[in-house]
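One structure below.
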Amino acid sequence: MSPKRVAGGKAKRKLEEESTGAETESDAEAQEKPKAQGRASKKARVDGAGAKSAGKAKGKGKGKPADDQEDAAGRGEGSELAPNGQPTNKVIPVNVSFPPREAGRVRIATWNICGLAAAQKKGFKYYVEAEDPDILILTETKVNNEPADPALTSRFPHRYWSIADKKTYSGTAILSKIKPISVNTTLPGHPDPSSVKGRIVSLEFESCWLVGTYVVNAGTGLKTLDAKNEWNKHFTAYIRSLDRQKPVVWAGDLNVAPTEKDLTNPKPNWNKTPGYTEAETRAFARILDPSLSPPASEPEAGSGEAGKFVDVWRKNHPDLRHYTYFGYRFQCRSKGIGWRLDMFVVSERLVGRVRMCEIRSEIYGASDHCPVTLELEGVL
């Protein structure tokens with residue numbers, strides 16, 4: 001999403017660039033960054049892949065046709081790396097391919113596409129063809145009806161769309177080659193079911209649950225932080241209840257930067273910018289480790305023994321400062337200014353089955369986010 005530019009001189013613009021934050025909400029109010037101490041504290045999410053995938057889109061796979069007006073650097077041809085080691089291309093490369101999935105594994109990809117209709121014009125299908133996931137989770141689809149895109153219907157026979165009541169707003173989908181046992185698009189216990197529409201799809205498979213979410217944004221000036229807290233409370237109870245039945249794979253745009261390593265400029269954004277507040281990071285940490293006691297003002301979510309969860313990419317890349325979102329303005333992509341908001345979180349007992357989890361850093365331009373891919377050994 002492109003943050004709103006704040007009027008001011010060079011010094012003010014420099015502060016904006018340095019403190020850029022990220023928001024994934026698509027409506028005008030939630031997309032833009034809150035103003036902190038007289039400047040816009042905007043989140044810029046940078047795509048990040050693991051060191052293995054950064055800048056390595058190559059081979060004979062499909063790619064976005066080059067726009068004659070884009071230079072070679074913009075297309076990712078010979079483009080330099082940003083200071084954090086991620087590529088700086090601003091459109092999907094002309095040629096992109098990834099290693100094929102090995103036999104006996106399931107490949108799952110998640111991607112905030114910032115509007116399906118727009119992404120389809122900017123190389124969306126070329127990524128899908130190159131990745132060829134068994135399951136594709138899409139967030140911020142902004143569709144008003146279930147799309148009849150032949151590129152999706154022919155590839156994924158099982159498609160589940162959660163569509164918001166508000167037109168061209170939010171939206172979550174899971175497209176699968178594998179038929180699930182059951183499907184749910186609600187968040188049990190939430191007092192406002194209509195607000196959940198477009199934000200969650202849960203599929204039950206034989207050995208695990210798969211939950212795709214486009215998590216609520218805390219909003220400009222943190223004005224919807226209460227709504228985010230309400231979501232977190234009920235989602236925590238929900239994912240724990242699922243985990244008691246069978247292990248869970250949770251993926252999507254989680255709209256939180258879990259630690260200071262997950263955004264470029266943590267200090268100026270702390271408790272000022274949606275996605276990086278004490279309430280949000282604490283709620284996420286409690287999902288990972290239920291032993292972290294909630295404050296007395298927060299009711300316990302669920303009952304009984306709760307298992308731990310693991311942020312897979314961070315576990316595999318403990319020190320990398322790679323991100324999944326770049327703001328379109330302020331040259332965030334080329335400067336490596338961003339946030340890691342899109343991720344895979346799995347039940348701790350599933351970690352042994354994870355064979356790969358990477359940010360597809362090269363896949364930028366169809367959206368202001370980059371996809372993240374995970375492979376699991378065995379059947380779902």
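In case you wondered, yes, glycine gets a Cβ from its N, Cα and C as well.
Heads up, TrEMBL stuff is auto-annotated, nobody curated it.
Quick look at what TrEMBL annotates:
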ACT_SITE  Y214  active site
ACT_SITE  H369  active site, proton acceptor
BINDING   N112, E140, D253, N255, D368, H369  Mg(2+) binding site
COMPBIAS  64-78  compositional bias 'Basic and acidic residues'
DOMAIN    109-369  domain 'Endonuclease/exonuclease/phosphatase'
Comparing the binding-site residues E140, D253, D368, which residue's C-beta has the most other C-beta atoms within 10 angstroms in this structure? D253
According to DSSP, does Y214 (active site) fall in a helix, a strand, or coil? strand
Of the recorded positions listed here (N112, E140, Y214, D253, N255), which is spatially closest to H369 (active site, proton acceptor) when Cα positions are compared? N112
